[in-house]
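**Q** Okay, handing you the structure first.
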Amino acid sequence: MAIPQQQRQQQPQTKPAPNSNRNPDGSFKSCSTSFLLLFWGFVTLLRVAIGYQPHSGQDNHHGNLDEGAYGGDFEAQRHWMELTINLPIGDWYWYDTGYWGLDYPPLTAYVSWICGWASYYIVGPESVALYLSRGFEDPNHKAFMRGTVLVLDLLIYGQAVWQSTYEGNRRSLWTILVALCQPAILLIDHGHFQYNTVALGLSIASFSFMVQSEFVACVWGGFFFALALNFKQMTLYYAPVVFFYLLGRCAANHHYRWRWFVPRILWLGGMVSFTFYTLWEPFVKFPPSIQSPTPIPLQRLAHVLRRIFPFERGLFEGKVANLWCVLNTSPVNIRSRIPTDLQPVLALLLTIVLMFPACWKILNVGLDDPVSFTSVKRHWVLLLWAATSCALSFFLASFQVHEKSILLALAPATLIFWEDPIFMEWFSFVCLWSLYPLLQLDRLQVAYWCVGSIFASILSFRHMSQMELKTIFSGSWGFIPKLSYVGMISMHMARFLILPPPNLLDLFDVLWSVAGCGMFSLAWSITVLKLYSSSISGPSTMSKEKDD
């Protein structure tokens, strides 16, 4: 129970013990150098250990799939480094699009260019030689590639999590540890091989700026979110929530609301527009030398957009645990029942319906200016709940969803671990479990079980009081996590022990999709309940509490 300020001033201050790392009120002093080395050493070592496991498409392994191009995401990222340092910038999005053509936004292309030159000088020119380096998997180069993910992860995602979450107490340290040890995020970036933590880190940094009381911080938040959008297009999953929150902040001054609204819109829009213009201008200005006839600037822009948003691939993407893939199983087979041209429209409409509760709530939150530490914390928690809810809406219903996109819902949810620890633990393991078919394809089963066990051990070390154990899964809902865990383990055992019939080779992948979709739909419902529940709508739960 929090002590009123007047009573707190009257109480005698207890001197901390000699060499204590605590303040008199129980909070931690600034972390010692030895503690920081131990903390960051552990999270780094965990990432390095995963890096010794196979990556996607290693040795051209695709399991039962028949892939046209060599390798997987690892080779795609390496190939982008190859083409960006060997070709003029106007050719980057046009060169041999049939072999891992560049299909991420411009900031990824620039980062690939930097990493490509680093590979040229550190590993050797053979690692990025145009065309000749395709399928290059030298051990030194693999270590270099793993190193680029590690450095960008710790510098961007790690620092964003630390700066936005650390408050000098045990609870915030625990949240940071859980966020940096999320097995789903670690296994995809450091095992499968991607740079998701860059986009996630930029998004978290933008959220942290947006909730500050000064509007200039919102402008910087818009800048960081523009960077996130230009690194990975899937951060659009957050865009509706960001738009409505910032719209609310632009009109948040109760006394001079409309006087400040237009200047704030122009200020914020100017920063975002300038960021996009700076990153995109070279691809519009410089024509491709390998294309004849030379496309006009508008055609160049349209081509880059088509590369980033390939709507022609269709609505369905593998066996993903979302509504469309589940509805496409027998006997429904929705793909054959809905015209191809109508599928994107239906996906858009359903996504809007699912994300509306989060957008409406966060608009009203933004209209209430955060003027104190308590209100800033309230905005922070609600913005993260809304981002999680909106990301789940896109994952469940939008167009061209990949299984890895669930990380966009997991990352913000982890930072509000203490809002509902039982739900967050359950959601973390469901996200990890949903990725197993992909990780199995990459031969990452050992890493899956080891990292999952380490994460479970970390969670088990934290003692939670009865107040901290209050959860959406209390009372008659308490059976849901237990039933889910039993179901997930049982499906693992069945997958290991039972051989599917020849005409149903994808049986377990389909079961994974159906069960995962059900659990993610439940998670979306819970995020909406949390957004509109009284437990986080007031300042009581946002105040700093004394550690145990």
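Even glycines carry a Cβ here, placed using N, Cα and C.
Automated prediction, rather than curation, is the source of TrEMBL annotations.
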**Q** Pick from 81-102, 477-498: which range does TrEMBL record as transmembrane segment?
**A** 477-498
**Q** So which of 31-50, 110-131, 200-229, 235-252, 477-498 has the most C-beta pairs under 8 Å when paired with the transmembrane segment (143-160)?
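**A** Comparing 31-50, 110-131, 200-229, 235-252, 477-498 against the transmembrane segment (143-160), the winner is 200-229.
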**Q** Would the transmembrane segment (261-280) and the transmembrane segment (446-465) count as touching if the test is at least 3 Cβ pairs under 8 Å, pairs 6 or more apart?
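**A** When sequence-distant Cβ pairs are counted, the transmembrane segment (446-465) does not touch the transmembrane segment (261-280), since fewer than 3 lie under 8 Å.
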**Q** Under 8 Å, at least three CB pairs between the transmembrane segment (446-465) and the transmembrane segment (172-188) (pairs 6 or more apart)?
**A** yes
**Q** So which of 31-50, 379-401, 477-498, 510-532 has the most C-beta pairs under 8 Å when paired with the transmembrane segment (235-252)?
**A** 379-401
**Q** I need to check the long-range neighbours of the transmembrane segment (172-188): which residues 6 or more away from its ends have a CB within less than 8 Å of a CB in the stretch?
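**A** For the transmembrane segment (172-188), the nonlocal Cβ contacts are 28, 39, 43, 46-47, 50, 157-158, 161-162, 165-166, 194, 196-197, 200, 404, 406-407, 410-411, 414-415, 417-418, 424, 428, 431-432, 435, 439, 444, 447-448, 451-452, 454-455, 458-459, 462.
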**Q** I'm a bit unsure how to read this: which one of 31-50, 345-367, 379-401, 510-532 has the highest number of Cβ pairs shorter than 8 Å with the transmembrane segment (477-498)?
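**A** Highest pair count goes to 510-532.
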